[in-house]
Amino acid sequence: MAMAMGGASLMLVLLLVAPTVYSVDHTVGGSSGWSLSGDYATWAAGETFTVGDSLVFTYDSSHGVARVSESDYNSCTSSNAIQTYSGGNSKVSLSSAGKMYFICPTPGHCTSNGGMKLAVNVVAAASTTPNGGSSPPATPSPPSSGSTPATTTASPPPPAKNGAVSGFGHNMKQLMGTLFVSWIILGLMC
């Protein structure tokens, strides 16, 4: 009985921790990394940044990373940086939804060739509700006399961008990972 309770407690902990296991590390600039040759606006447009994900900046010693305000991003100013990173390999956790701005603090790098600057929009993590997160359809009100009822057409959700996983795929991946880890742990307990 005690072993069953321990197993059930472990399963509960795994289910609560599982969503954090599936965060995504986004390597800024892809294989080019954080360099003068990067097109960061195009790269960011192809990614979906979610709370819990991380940005991974890889760069050589002539560069750095500064998290800045929107106005400092627009003016390429790093003197009031929110956070600075150095060392060639910096991982930035995306812990809250909203816009985040990054520039290279090396003089001239932010302003040259489109600039070493990156703006990302971090979205809230999707909830894992049993009904897939969609709300029930609204009940239309009856038309007033003498008027023609309006018709509406629901459009499908946009496809997932490069590097993003659709909600169903993400939830299925999370479920399969949780089941796999649970299976291994239960196997070790027996």
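Glycine too: its Cβ is placed from the backbone N, Cα and C atoms.
Straight from TrEMBL, the features:
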COMPBIAS  127-136  compositional bias 'Low complexity'
COMPBIAS  144-154  compositional bias 'Low complexity'
DOMAIN    24-124  domain 'Phytocyanin'
REGION    127-165  region 'Disordered'
SIGNAL    1-23  signal peptide
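Per-residue pLDDT, averaged along the domain 'Phytocyanin' (24-124), amounts to 95 for this model.
With helix defined as DSSP H, G or I and strand as E or B, the domain 'Phytocyanin' (24-124) counts 15 helix, 35 strand, 51 coil.
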